[in-house]
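Colleague: My questions will all concern the structure given below.
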Amino acid sequence: MSTAMIFVGLILSTILAMASNSWLLAWLCLELNTLSILPFISKTKHPRAIEAATKYFLTQATASCLLLLAGTSNAWLTGTWDMTQMSNKLTSTTMLIALTMKMGTVPTHFWLPEVLQGSTLLTALLISTWQKIAPMSLLFITSNNTQPTFTLILGLLSTTFGGWGGMNQTQLRKMMAYSSIANMGWTIITLTHEPKASMINIFTYIILTTPTFLLMALTSTKTLQNMTTMWSTSPLATTTMALLLLSTAGLPPLTGFLPKLIIMNELVTQNLTPLATMTMMTSLLSLSFYLRTAYLTTLLNPPSSATSATKWRQKMTKNKTMILLPTATASTFMMPALIP
């Protein structure tokens, strides 16, 4: 019963933050959202989980302080708490830093890999997807008053550090954390020029990440070593996982290629071709560890005398399959239906 109440609070706080028009109400909803996710992170009663919950709380509290500071300063300058009245450059930049800190973008991204590593796979799914909806909605509302140069710099740095940080990772949760940082960079980079493209990218990322984490949870896969024996758990899951990883990497004709194509087209339209070229080059860093993971999933045959124990094949229940099937299908072959 308590878990259900906390989950309802998590959902309601996000919906209220999306629907709010006042910075004070948005701040209250984001605080409720932070307090609702903390019990899920620390539920396992493990030292790493407690450490992750502490890091998450401190980071989100710092971001909330910056958000309240920016909202209060803007109310003092303009006489209103209205989100659309962010004409001052200092307050709008401070608000952008606060919201990007909650989402986990460079340079305030260091908390995300450690928090995901200390959480369970389903909790990491919530942090990587649901917890980004409310801050992204607030960024969408204030996109007209955001400094374009600052967002371009944050986006390029996020795609670079996200791809670079994920290359040497053997823990899948940390790898997905750096993947999240890189995808947030793609979202931020076109926020001021084409906010709708940013929303398409973030929701496409959510559609891609959800079945990926669900497959990891269903097959108890947490490391690259587990990937090599994932075939013994479910052969169909290995194929689906490889397609999801390649889709997240942005390979055509999979779904993940669509938002990157839209963003590149928008950058070129805005005469930012050098920036578009650098962003595409940084995406090759992310592509390298996606391809490595997909290779370990499907193309690597473990030797018969494996040093690690092979997991027994688990029976996929009907309920789990019904949840996973539509999300995985939408994550891989949705692009032809979305192209106008």
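Just so you know, glycine gets a Cβ as well, placed from its N, Cα and C.
Dumping what TrEMBL says about this protein:
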DOMAIN    20-286  domain 'NADH:quinone oxidoreductase/Mrp antiporter transmembrane'
DOMAIN    289-336  domain 'NADH dehydrogenase subunit 2 C-terminal'
TRANSMEM  57-77  transmembrane segment
TRANSMEM  150-168  transmembrane segment
TRANSMEM  199-218  transmembrane segment
TRANSMEM  230-252  transmembrane segment
TRANSMEM  321-339  transmembrane segment
Colleague: At a threshold of under 8 Å on Cβ distances, which of 57-77, 150-168, 199-218 pairs most often with the transmembrane segment (230-252)?
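Modeller: Highest pair count goes to 199-218.
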Colleague: Across the domain 'NADH dehydrogenase subunit 2 C-terminal' (289-336), what does the pLDDT come to on average, as a whole number?
Modeller: 61
